[in-house]
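Taken verbatim from TrEMBL:
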- B:ASP80, B:ASP82, B:ASP84: Mg(2+) binding site (BINDING)
- B:CYS81, B:CYS98, B:CYS105: Zn(2+) binding site (BINDING)
- B:33-107: domain 'Phosphoribosyl-AMP cyclohydrolase' (DOMAIN)
Number of protein chains: 2
Amino acid sequence: MSMAHKWLNKVRWDENGLVPVIAQEAATGDILMFAWMNRDALAKTVELGEAVYWSRSRKKLWHKGEESGHTQRVVEMRLDCDEDVVLLKIEQVGGIACHTGRHSCFFQKFDGEDWQAVDPVLQDPDTIYAKKHP
Amino acid sequence: MSMAHKWLNKVRWDENGLVPVIAQEAATGDILMFAWMNRDALAKTVELGEAVYWSRSRKKLWHKGEESGHTQRVVEMRLDCDEDVVLLKIEQVGGIACHTGRHSCFFQKFDGEDWQAVDPVLQDPDTIYAKKHP
């Protein structure tokens, strides 16, 4: 194994070979989404300079924005103290990270009794994904 | 099961009964740490208004700051679109979230070749935990 992979080996991949990833908008500090990466996804993210996750449901690499155009340009990448969580500081192309058409996936706020959707839908999801699913 | 638990039931707990939690400093937007909660931890967090996590290594509830005094006051709580990740916006008592004595656990930055510790240690960890381990 080449020394070039030292940084990939430093990550403590879980029992499924995955690491949790937090995507934070670099300019605003807003947390946009949470996803997972395997080793290939993290290597590809660095290679492309754009977020590539591992889709646990589809069991394949998921270049974020591949369908919607809402790619995430990586500005900075960090690893936590235990080396088992990655933080991506990104620029969110189109300003929409969530498949519901919202800026952030974290749009449900706890009001003391229940979770309430409090953030606006910026674009109808049907029009976001219509390009490839006419 | 009472209706009072509706908000707890809305969370999609994983196969281990856990949900990933991101702790973000409310005032600065800084991401301070990442941890896990089970149902009891989330209920306790709301009850106390302070972050209570589930320690996967110690297999018990972990009231953050119970030893260090670095508790986390909950300002806001959010759930993501898939209802399987919680975001806590907090006030970090003492300004230190990391057991290494740093503000944030995400102090290792990728420089293109490796992860480098770039944030300062604000307090010697030995003095943080000395109170209960003299």
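The backbone N, Cα and C atoms fix where each Cβ goes, glycine too.
Those TrEMBL annotations? Automatic predictions, nothing curated.
Keep in mind it's a predicted model, so treat the numbers as computed, not measured.
Structure coloured by features recorded in TrEMBL.
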| residue | record | DSSP class |
| --- | --- | --- |
| B:ASP80 | Mg(2+) binding site | coil |
| B:CYS98 | Zn(2+) binding site | coil |
| B:CYS105 | Zn(2+) binding site | coil |
I need the CA-to-CA distance for B:ASP82 (Mg(2+) binding site) versus B:CYS98 (Zn(2+) binding site), whole Å please. 28
Here the binding-site residues are B:ASP80, B:ASP84; which one has the lowest number of other Cβ atoms no more than 10 Å from its Cβ? B:ASP84
Inter-residue Cα distance where the pair is B:ASP84 (Mg(2+) binding site) and B:CYS98 (Zn(2+) binding site), in Å: 24
Counting only residues 6+ away in sequence within the same chain, which have a CB under 8 Å from the CB of B:CYS105 (Zn(2+) binding site)? B:LEU32, B:MET33, B:PHE34, B:ALA97, B:CYS98
